[in-house]
Every structure is written in C-alpha cells, then in structure tokens.
Ligand SMILES: [Zn+2]
C-alpha cells in the first residue's frame, strides 16, 4: 500500500512575512492520518484552526491566503504557497502548522528552507492509504484576451507534471528561460525547483507598499528587478529561476486541493488567482475527477513511491 506521510518530530522556523513584514514563529508538528494540512493561529485569544482546502482560499492577490470557510475578513494565514509546495515536493499528507501571526515566514523566498526543515524533522510513513486526486477530464480556465490572455489547464495524466510559460515583456526577464516543464515523478523537486526564489519589480514596490504588500521584501528574500536588470549581486540561482518559481508556486497552489493531483498542468502567464480558479473549476465538476489510492504500490506512477524517502 502507498502510505500517507507525516513528520517524525516537530520543527520550528522564525522569520518575517513577505507582505506583512511581521515577525512570525512557526512550529510544524506531526498529525494523525487523514488530518491533511492544518494551520493553527496560536496567537489569537482562542486558537483558530484553518484546514487547507481549495475552498479555504479567501484572497489571491500576490499570494495564496486561507481563512476558515474561505471567508474574507476572518482569521487568516497568507503566503502559504511556498510551504505547501515543499509539503507537496516531499509528499507530506498530514501536518499541523502552529503560527504566531497571519503570514508564513518568507525565509529566503524559495521553498528550499522548508524542504530542509521538513527533512531534518524526518518523514514518517503512516498506516493509511495515500489518497490522490485523479483528473479524469480536461479542465481549463482563461482570462483576458490578446496581450492580456492568461490560461491554465489540467489534463488526465498518470503522474504529476507541470509546464509553465512566462511572458513579461521585460528585458531582464525575457533573457531568462521562458518555459519550464517539471515532472514530479523525477524525484528532483529539491534540486530543480525548491531553490527558485520569488521576484519583484522595483517599479511596483511603491504601489504595493502603499497597499500593505511586500513590507518584508528585500534582496535577502526575493529576486529584485529594475527596468533593465536583476539587482541581486549574486544574480540568479537558475537560468530560468523566474519560470521555475512559477512552477514552485503552482505546485503549492494546487496542493491546496487537499490531495496530490494526478494530472498534467499547463499554464500560460497564470498566477495564484488563476490556479485557485482552476481548482474550483475541477472540484465543482464531479465528472472531472476521482479520488484513488494504491493498494499495490507498483501501480502508482513511477517515482511517487520514492518521492519523499523516509529516513
Ligand atoms: Zn511564490
């Protein structure tokens, strides 16, 4: 049987929120089978649990934010996508995330620090079948037209593979790889994707800060790009780091479904809002998906049994 996974022991991280700029402590704890991933706001007078589900998403402007029942204005946790991406990359099904503020720490702007933390705590196999969300029919969402067109699509696939194409019409970004395909079954999430950092443009900083966004952003946790070039003195970590970060985000955003997808995902210029719209389109069509488990591990997609080696 392909089993569910949680952590062996608890682990902690301290950092600042990218958007809020607030200091935050986060404790990642093991959870029982079938718990899923649950954020717990332990700073509130009465702690509030926010289970990660596609319909818990309450805001998608610049980051993925969840609230109980998806209610905007309720207790929230923002910028969950990089931690969710690391959990997906390691195949973690069940986890409590105790958090002392309303945003996940940005750390270095990628998911590599989360991967390191989770791997240091160790991965434990649990005696319950791992449940996958298998896409059985193509689902697509589109917005805009012409130069403003963006779209994202899920197609049936025995595995989980993602293709992302960016098009920023910006000299520094256009000089990087514009399209990335990544197969989760390769087992190379940590090497190929996890180190890709978030990015921002100096021309947008003032407008975003006046709206209370990116208050914690800096060259320590983001690729910063002016009108012509990347300003970080060390340059890029991958030649196609920006497209790879979009893949990292999509892996995290799609893991908000509550189970790993068996699908091929393709997106042209999408983002957090479109990814959540795609999940809602999928899960509102009962004929487009089914939940599957693998009693016989050899029937699971190749690479998935070794995805998060337990050690
Ligand atoms: Zn991101």
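Any Cβ shown, glycine's included, is placed from N, Cα and C.
Quick look at what TrEMBL annotates:
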type	residues	note
ACT_SITE	272	active site, proton donor
BINDING	82, 245, 249	Zn(2+) binding site
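A C-beta separation below 8 Å, combined with a sequence spacing of at least six in one chain, links residue 249 (Zn(2+) binding site) to 81, 82, 85, 271, 272, 275. When the neighbouring Cβ atoms lying within 10 Å are counted for each of the recorded positions (82, 245, 272), the highest count belongs to 82.
Residues 81, 85, 110, 111, 196, 198, 246, 247, 248, 252 surround the recorded Zn(2+) site, their Cβ atoms falling within 8 Å of the Cβ centroid of 82, 245, 249, which are themselves excluded.
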